[in-house]
Structures are given as C-alpha cells and as structure tokens.
Amino acid sequence: MAEIKVDPVDDHTMVIPETEISAQKPHRTLRVASLDIFRGLTVALMILVDDAGGEWPMIGHAPWHGCNLADFVMPFFLFIVGMAIPLALKRIPSKGKAVKKVVFRTLKLLFWGLLLQGGFSHAPDKLTYGVDMQMIRFCGILQRIAFAYLVVALAEIFLKDAQSNDIAAGYCSVFRLYCWHWLLGACILILYLAMLYGIYVPDWQFAVHDKESAVYGRVFAVDCNVRGKLNPPCNAVGYIDREILGINHLYLKPAWRRAKACTDNSPYEGPFKNDAPSWCHAPFEPEGILSSISAVLSTIIGVHFGHVLVHLKGHSERLKQWIMMGFALLILGIVLHFTHAIPLNKQLYTFSYVCVTSGAAALVFSAIYILVDLWGLKYMFVPLKWIGMNAMLVYVMAAEGIFAGFINGWYYEDPHSTLVYWIEKHIFIGVWNSRRVGILLYVIFAEILFWAIIAGILHRFGIYWKL
C-alpha cells in the first residue's frame, strides 16, 4: 500500500516550477522548502506533545474547551495537505488521472489509519497485536486527513474555472478565481452549525469496555434531553458518532478524562473522583464524523494559500495575502471564543477553533517562508526539512511508536528491561534527577533529533516513503 522509492522528488509533495523562484531551466521542478519545513515542524510537534504531554499537560490536548499546543497539530496537518493539493494537481492535466490518483491515495491513507489507530497495533508499550473487530476504532488522524483530502482534492479538480497562472495581485483576485471553493466551504460550515446546534440529543447509556478501568463492565447512564449544548456528554458530535459508528468503536481515553469534573489531579491524568459524572468513564471520538466535516474547512483554507503560491509570483504579494488572512482568522476566532459565541474546542472542531488554528498555521508558515525563501536561512531548519520530506516514515516509526515497539520486543528478563527504557531512565531521567525534564529531553533528542538524522540519511540516498 505504501511505497519506498528512490526518487529525488516525491511526486505527491509540494513542487513549483523552478522559473518561479530562479532563472534556471524552465521545465525542472523544485520542492517548496518552506512547506517541507512546516510539515517537519508539525510532525516534530506531534511527537513532542504525544510523548511528553503526559508529564507536561500544558502542551497536551485541552480537556475540553480551550486550545493547547497539541491542539494545533491536526489543523496544521490539514492546512499543509490543502496547500499541497493545487501544487500537486497542477501537473496532472487529465481529470480522470487526477481523480484516480486522489482516490487511490485516499484508500492508502485509510488503510494505514485503520492499521495504526484502529487497535491492531499496541506499540510501543505492549508486545502484542490484534484487535477485536467488535471494538475496532474506525476513525483517527489519517482517516480524517484522507476524508478532507478527498473532498478538497475533488473540489480542486472539478470546480476550478480558470487555467491561467497569471492573475492580478489584488487581494480578492484569488478569491474570485476560486469562488466555488469558498461556496463549498460556506455550505460545509452551514451544515456543520445546523447539525451541531439543531440535533436533539436524548439520554444515553454505555458499558465500560476499557479493561484497564477500575469499573470495567459497569453500565452508566447519562442524562441529556437537550439540543445545542457543547458540553462533554450532550453534544451532537458525540451523539452522531454513537449512533452511526457505534459506541464500541470510539476512542476509549478522550482528553476530557483530565477535566476538573473528573479528577482531582487535573490537568494531569489520575483516578476519577468518587462523585465524578458518569460521562467521565465514557468513550468519545475526537476524530469523529461531524467534527471531520468541519475539519474540511482547515484544508480549504490551506488550498487558498496554495493557490496564492501558484498564481502570485512575488514574495511581497504572497506574504501580503497570507499574513492579512492569517491575522483576520486569528482575531475572528479569538473574538468568537472570548465573547462566548463559539468556544475553542478541538474535540468538536468548532468554527472558532478552525479560525484560530488556521490563522496560526498561516502566520507560522509565513514566518518560515520569510526566513527560508526571503532571507535564505535554510540551514537553520535542515533537520525539520529532512523530517518533512519523509513525514510518513517519521510519523509511523516515531509518533505511532512502531520503532520503539520493535526495540522493546528485545528485552532482558523483564519486558520493561529494554534499551528504550534504559536510555530513558539512566541517560535522561537519572542525569537530571527529574522525570518531567528527563522525559522532555528524551523526546527532543532520542526521538525527534534521532529521526531527523535518520530522515537526513535517507534523503542523502534519495529514499522516501510515498503514499
């Protein structure tokens, strides 16, 4: 399903005609270094928040409303996917070939998503594999990316009105050229808001299927009978997932378990309070159906930034568009949140969350573009560029723990007596005499930097994992 190929240019990554950035031969293509770096930064952030977030909850996912560092990772990925779409599809003149390529890539993303996050892989801590099909998790990171990619890529193929690469540098010129994309985005937003605030959520009950839970097998009831609520137990996002996917196929350990209502250790994980609400024990799908519909908006915004890169030739014209839109989105999202109109919420993927995270993505990418493409400071970001050029490999091996799980399979006497645990305990935690600091440094140096070096070696030999 995935391919390891020796190829100096990855065919699905971000490329622009070389004549747009240099005066060399017109038919060659180059990768957009700033986008590779942004992708690499996002993968590095994912590893950091996943593996160090338990000790540093301020960088982990917000338990419910709010937005921590971890909550920027998914929308950054979707934004990057959106930017890549017009850059990749512009080289495929046939709509039929483009559709075939998009559908095939979507299926590969779905396959890897189910394999890695459906419950089959228990890496890195458990030396087992396999999943009860009655409990398989259908949704996940790659599945959401696959859905957003499919919708937006097909829109790019069929809704594009003009083929001209040169348009006026006016602020609204790119918007006008791709007005149907924005109409699609408006329809998605209206559909999402109508369902989020309009669907009636009845009372419901569930049995605890987490075998590590002290109340495994116990049945709880949740009182709702409401409409338009955005609290953990009674929102339309969770209701739709329970009805369509089935409650047995949802994520067993949602971030709300760290909420103050559930544990005295909040924002850290800990045992539930004796009087904790019943919903604290319930599963919830953070990459569910309705929230994934809203997530498409992040990709549509990313596509707009890709269109700007394709059509506008000057750095100043591009940056003016990107920075103005970035600040506009950021301000709109903050206003919606602090006026209590629409709270920031990653699990529900609210509109304010779309605005804040997309605006942040726009500004971060613009900053990288200035440093790399304007000021030529590429060497400062070489490790992130290497990760970005082999993002799938680093995601699978590091973020999903497959490599660590393989190493943990070779232990001495006890499954916890492995090279990974020894390095973590004696080189990092022991030296600093602090688990929190040791874990943070272990993730930065033994995971992120290590995989940056591996990706750099593979880049040196022109080897990339392609989907």
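For all residues, glycine too, the Cβ spot is worked out from N, Cα and C.
Just so it is clear, the model here is predicted, and its values are computed rather than measured.
Now, the feature entries from TrEMBL:
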type     : residues : note
TRANSMEM : 69-90    : transmembrane segment
TRANSMEM : 102-121  : transmembrane segment
TRANSMEM : 141-159  : transmembrane segment
TRANSMEM : 180-200  : transmembrane segment
TRANSMEM : 289-310  : transmembrane segment
TRANSMEM : 322-342  : transmembrane segment
TRANSMEM : 348-372  : transmembrane segment
TRANSMEM : 393-412  : transmembrane segment
TRANSMEM : 439-458  : transmembrane segment
Legend entry - Contact between the transmembrane segment (393-412) and the transmembrane segment (102-121) (at least 3 Cβ pairs under 8 Å, separation 6+): yes
Inset, instruction - Count the Cβ pairs between the transmembrane segment (180-200) and the transmembrane segment (348-372) that lie under 8 angstroms and are 6 or more residues apart in sequence, then report whether there are at least 3. - result: yes
Inset, instruction - Using Cβ atoms only, state whether the transmembrane segment (102-121) and the transmembrane segment (141-159) have three or more pairs under 8 Å that are 6 or more apart in sequence. - result: yes
Inset, instruction - Quickly jot the same-chain residues contacting the transmembrane segment (348-372) by Cβ under 8 Å, restricted to those at least six beyond its ends, or write none. - result: 33-35, 37-38, 41, 67, 71-72, 75-76, 79-80, 83, 189, 192-193, 196, 230, 235, 237, 291-292, 294-295, 297-298, 301-302, 305, 315, 318-319, 322-323, 325-334, 336-337, 341-342, 378, 380-381
Legend entry - Outside the transmembrane segment (141-159), six or more residues from its ends: residues with CB under 8 Å to it: 74, 77-78, 81-82, 85-86, 89, 95, 98-99, 102-103, 105-107, 109-110, 112-114, 116-117, 178, 180-181, 184, 287, 292, 295-296, 298-300, 303
